[in-house]
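Beneath this line is the structure, given in structure tokens, with notes to follow.
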Amino acid sequence: MTATLQRRESASLWERFCSWITSTENRLYIGWFGVLMIPTLLTATSVFIIAFVAAPPVDIDGIREPVAGSLLYGNNIISGAVIPSSAAIGIHFYPIWEAASLDEWLYNGGPYQLVVLHFLTGVACYIGREWELSYRLGMRPWISVAFTAPVAAAAAVFLVYPIGQGSFSDGMPLGISGTFNFMLVFQAEHNILMHPFHQLGVAGVFGGSLFSAMHGSLVTSSLIRETSENESANYAYKFGQEEETYNIVAAHGYFGRLIFQYASFNNSRSLHFFLGLWPVVGIWLTALSVSTMAFNLNGFNFNQSVVDSQGRVINTWADIINRANLGMEVMHERNAHNFPLDLASGESLPVALTAPAVNG
């Protein structure tokens, strides 16, 4: 009888735990996806902060020339980064227990893999948590669908691209200047500016910004006045009110006359679906462009494609881009020190001022 009561008590405790995890009454919804999301994101955040502040230099190119990325090794907020794992590791899974020592793990950039893999797991669980909360509240699932766009973009630069290129050292560094360096090298090696999916992604991001500004300004300009001139129009809105707070007919009429009639939505639901769809599809396409270029399916190359009747090349914008790509690729060459010695991190070495005599 005692054993039966203990089983019931433990089952009851488990049921209470399940109801707490899935309760929509909590201040922050946890959910079953949150059970995995919380520890993975906390781990990624903690290791990122520690590595950004104090990680020793990493041999990113596998040529015994470590690159310092942390604040304690001379960087600032702009130049600092968590340096990607060494090219000597490639795309091998490199947890702490695979290294001979902690020093070796740090030297080969182990923290980068730890941060990236935990981060991607965490944000994937965040998608699931959004869907889970929407499901329990009886909402439609489009919030989680929209969030797949930035997650796909992150997965493209942190996971798919390194896999395609054969090494985590080709992944995007976790820092500001490291991100810019990644973008310049990506352009030099893959001509991303001439990739149609990336061009559509640019249209998605900038178009989404334009549509957001247009929508916000139209709504703000057509608010239904319910306050005096001496009060803010915002005071007229009450959270949860049923009546419209702006005149969609006026906004539709204004925009239809400003451009043309059919450029303006007369359905608020289809309008907001479009506002969500446009940037999401654009970022999906950008992630797809990076994922295809990861396997060297690069942007279009129209270099020296325009010639006159004598066969002489007529330079176009494509040739200018090609020249810039070559310059960026040369500057990125491993073990080629293009910068002055006072910008280098190591000690300056003496240089011979006279050429040696060559007999013969």
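Placement of Cβ uses the backbone N, Cα and C atoms for every residue, glycine included.
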Among ranges 197-218, 241-262, whichever one Swiss-Prot labels transmembrane segment: 197-218
Contacting positions for the transmembrane segment (29-46) when only residues 6+ beyond its ends and CB under 8 Å are counted: 20-23, 114-116, 118-119, 121-123, 125-129, 132-133
Cα distance (Å, whole number) from F265 (quinone binding site) to D170 ([CaMn4O5] cluster binding site): 44
CB within-chain contacts under 8 A for H332 ([CaMn4O5] cluster binding site), separation at least 6: L184, V185, A188
Maximal Cα-Cα distance (Å) across residues annotated as binding quinone, namely H215, S264, F265: 11
Site with most surrounding Cβ atoms, counting all protein chains shown within 10 Å, from the binding-site residues D170, E189, E333: D170
